[in-house]
Amino acid sequence: MSAEAKMTTSTATQAGAEALERLRQWPGEHRVAVGLSGGVDSSLTAALMVEAGWEVEGLTLWLMSGKGACCAEGLVDAAGICQQLGVPHHVVDSRDTFVREIVQGLVDGYRAGITPLPCSKCNRSVKFGPMLAWAEQERNLPRIATGHYARIRLDREDGRWKLLRGLDRRKDQSYFLYDLPQEVLARVVFPLGELTKADTRLEAGRHGLRTADKPESQDLCLADHHGSMRAFLDAYIPPRDGEIVLQDGTVVGQHDGIEHFTIGQRKGLGIAWSEPLHVVKLDAAMNQVVVATRAEAGRTGCEVGAMNWVSIAPPPLDSPMEVEVQVRYRSEPVRAHLICIEATANDRAKERPHRCKLTFQEPQFSITPGQGAVLYDGEVVLGGGLIDSPV
């Protein structure tokens with residue numbers, strides 16, 4: 001049965017109508033594999049592309065056994081959406097890849113005292129690249145589409161594809177997409193990039209999609225899968241008690257594992273002090289959580305490794321730039337001075353020959369090794385990398 005036959009109302013919202021027109025005008029072949037998680041965003045992505053006249057096939061990556069998105073529940077909902085839209089549905093078992101690339105990386109990172117950013121790595125290593133390869137090799141489909149809230153534009157002056165923030169700043173997911181290469185941007189479509197979440201719900205209802213009212217996941221998929229992030233970490237990392245210390249080494253408390261803490265954390269320290277203390281460092285070698293007052297916790301800059309320049313060519317070494325940088329998903333971008341520096345041996349071993357040094361216009365709180373430092377010029381994502389060496 002067609003998507004039109006399943007609609008509960010016949011008229012698209014203004015945002016939906018504009019999304020349909022963009023899809024109809026999209027350059028190149030209109031044949032696509034839509035990544036379906038079983039949630040409302042990817043469901044509407046498929047429905048809009050069918051309505052816009054694209055040849056659509058659904059593709060679900062099976063990432064974990066158990067309940068939730070990426071698991072059995074997500075597979076069932078994704079299959080149901082494809083049946084409702086009258087399009088084929090395919091499942092690719094990616095569980096081994098997910099464990100190797102994401103689960104093990106998370107465990108290793110937390111053991112080393114960093115707070116990893118698994119979503120950006122998952123997007124590059126588990127989702128987008130493998131999905132494109134599958135679409136081309138198995139189904140001869142030239143494009144993929146996902147339900148991410150981000151936008152893509154072709155700059156006809158330099159011939160590069162630009163990654164832009166999603167129109168809905170509360171749902172914008174460009175922070176997690178900075179690591180995509182140009183060859184992926186050239187072949188991916190984000191139909192929801194100029195919709196708000198409210199628009200998505202309305203359009204999903206218009207199409208009568210079974211996922212229209214499905215609740216959103218509120219946490220990292222692994223945390224949802226295990227019940228909490230602590231439960232996930234406890235399943236992989238044996239507890240190891242240690243000291244909580246001030247920056248001068250004074251012992252002020254005890255902890256049950258550095259993996260349960262992150263930079264900037266104040267609650268849950270179990271310390272009575274004259275003023276609130278925040279985590280400023282996780283010392284894996286000493287198995288210590290280092291704390292300080294907020295006034296002492298500001299950082300003037302950091303180095304950023306494993307850089308990917310997504311929308312522009314890599315700048316030359318020692319060339320300065322003024323940028324906006326976002327250092328956590330929910331944080332606001334801040335002004336910073338950037339200079340490209342020599343890559344480390346570790347960067348080069350990971351085939352990432354680019355590194356930069358950031359100096360913030362004003363000292364920043366919660367600069368967290370392992371998190372992304374994503375660089376923006378207004379709405380355009382210039383690139384990004386992983387924070388290390390805060391100063």
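Positions of Cβ are set from backbone N, Cα and C atoms, glycine also.
Because the structure is a prediction, the values reported are computed rather than measured.
All chains included, 24 other C-beta atoms sit within 10 angstroms of the C-beta of Cys122 (active site, nucleophile). DSSP classifies Cys122 (active site, nucleophile) as helix under the three-state reduction. Summarising the annotation, Swiss-Prot assigns active site, nucleophile to Cys122.
As annotated by Swiss-Prot, active site, cysteine persulfide intermediate applies to Cys221. In the three-state DSSP reading, Cys221 (active site, cysteine persulfide intermediate) counts as helix.
Secondary structure at Ser37 (ATP binding site), taken from DSSP and collapsed to helix, strand or coil, is coil. Summarising the annotation, Swiss-Prot assigns ATP binding site to Gly35, Leu36, Ser37, Gly38, Gly39, Val40, Asp41, Ser42, Leu61, Gly147 and lists sequence analysis as the type of evidence.
Taken from Swiss-Prot, the feature disulfide bond covers Cys122-Cys221, and the record attributes it to sequence analysis.
As annotated by Swiss-Prot, site 'Interaction with tRNA' applies to His148 (among others). Cβ neighbour count for His148 (site 'Interaction with tRNA'): 26 (other Cβ atoms within 10 Å of its Cβ, all protein chains included).
As annotated by Swiss-Prot, site 'Interaction with tRNA' applies to Gln371 (among others). Long-range Cβ proximity for Gln371 (site 'Interaction with tRNA'), meaning a same-chain Cβ under 8 A and a gap of 6 or more residues, is found for Thr115, Leu117, Val327, Arg328, Leu386, Ile387.
Burial estimate for the binding-site residues (Gly35, Gly39): highest at Gly35, by number of other CB atoms within 10 Å. In this structure the C-alpha atoms belonging to Gly39 (ATP binding site) and Cys221 (active site, cysteine persulfide intermediate) are separated by 13 Å. Applying an 8 A CB threshold to same-chain residues 6+ apart, the list for Asp41 (ATP binding site) reads Gly147, His148, Tyr149, Leu192, Thr200.
By neighbour count, meaning other C-beta atoms within 10 Å, the densest spot among the recorded positions Leu61, Cys221 is Leu61.
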